[in-house]
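**Q** The structure follows.
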Amino acid sequence: MSTPPAKRQKRDQYRKRAAAAANEDTGKVKLPQKKFYRQRAHANPFSDHQLDYPLSPAHMDWSSHYPAFVNPDPEQKNLAGARKLLKDVEVVDIGCGFGGLLVGLAPLLPETLMLGMEIRTQVIEYVENRIQALRTQQNQLKNSSTTASESPAPAIPAEPATDGASPDAASTPETSNSPVPGGYQNISALRSNTMKFFPNFFGKQQLSKIFICFPDPHFKAKKHKARIISENLNAEYAYALKPGGLLYTITDVEEYHHWVLRHFREEGEHEASEGGVKDLFERVSEEELASDPCVEVMRESTEEGKKVTRNKGNKYVAVFRRKADPEWPA
């Protein structure tokens, strides 16, 4: 009697089958299960990971990420010789985790290209398979509605609830039997180290929204340098954001929330010096946030957000608007 395969081998076999099934337009497509993509919560951003990144934003090949938005003119190519898109990526989820925010925002902003960036290998593999499965499901629904409109569309199995999630957590719009605006063609994800290579992907004033949801708090003082909010990184975010663009942050750690406010010069005894981050961002009022649908998605659609809700924890939100660049003195 042969011994059962090890857990790692089971996970590898499942991921290969899931990736292959997600690319097939026949048969029922199931969403990948997170339990087969588990990875430790931390990844050292200062390590030399084997990462692919473009020489500059003008060299980035987005055609494989957003095939539905590729420019039909084959002569339109970037500096790397790749096909250009009809529009630029405008929304970025830094540290996208398992992709809950992207999936939640996709039908809300169907004509806006959104990208998730994640450093963990198995997690980004899950997000890629999840998006591909969602696209295939939507294509099947679209095809079935046009070719056999008189018969009901086949039911699409819901993603099993994991990590103790309630049954309601699985019945999200992504498991709906009806078409979703955009068909999830406007979202994608890639593996990257934002702390090192963020400017390689996005040009000046390209983005309209940046999301930083439940980032690793790095509690130890010697680890604070690895936090994704800092003076230097805030300057890079400001470079990529359009004037009027928004940077969204949410955390369940109160100390980290105050860290965010301090590093945007919204709290503490820091003197606001000329040319500092205070000249680049202003905090958005609670009244404005109440009418922003993206805030509700950020609170409730991410996996971490759902976990905090189940545990009855607190969520601390701070959103900052990119100011227009000051005029040069005459």
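Glycine is no exception: its Cβ is also placed from the backbone N, Cα and C atoms.
So Swiss-Prot says this about it:
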ACT_SITE  D216  active site
BINDING   G95, E118, I119, N193, T194, C213, T302, E303, E304  S-adenosyl-L-methionine binding site
COMPBIAS  7-18  compositional bias 'Basic residues'
COMPBIAS  144-162  compositional bias 'Low complexity'
COMPBIAS  172-185  compositional bias 'Polar residues'
REGION    1-27  region 'Disordered'
REGION    138-185  region 'Disordered'
**Q** From the Cα of the residue listed as 'active site' across to the Cα of T302 (S-adenosyl-L-methionine binding site), what is the distance in angstrom?
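**A** Cα of T302 (S-adenosyl-L-methionine binding site) to Cα of the residue listed as 'active site' measures 14 Å after rounding.
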**Q** If you skip the near sequence neighbours and keep only those at least six away, which residues in the chain come within under 8 angstroms of G95 (S-adenosyl-L-methionine binding site), Cβ to Cβ?
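**A** Long-range Cβ contacts: M117, E118, I119, T194, I212, C213, P215, D216, I228.
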**Q** Enter the number of other CB atoms within 10 angstroms of the CB of T302 (S-adenosyl-L-methionine binding site).
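**A** There are 25 such Cβ atoms around T302 (S-adenosyl-L-methionine binding site).
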**Q** In Å, how large is the greatest distance between any two Cα atoms among G95, E118, I119, N193, T194, C213, T302, E303, E304, the listed binders of S-adenosyl-L-methionine?
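**A** Pairwise Cα check on G95, E118, I119, N193, T194, C213, T302, E303, E304 gives a maximum of 21 Å.
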**Q** Please give me the CB contact count at 10 A for E304 (S-adenosyl-L-methionine binding site), counting all chains in the structure.
**A** 20
**Q** When you measure from the Cβ of I119 (S-adenosyl-L-methionine binding site), how many other Cβ atoms are you left with inside 10 Å?
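**A** Total other Cβ atoms inside 10 Å, all chains included: 21.
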**Q** In which DSSP state, out of helix, strand and coil, do we find I119 (S-adenosyl-L-methionine binding site)?
**A** coil
**Q** Neighbour count first, Cβ atoms within 10 Å, every protein chain included; then name which of T194, D216 tops the list of recorded positions.
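**A** Result of the Cβ crowding comparison: T194.
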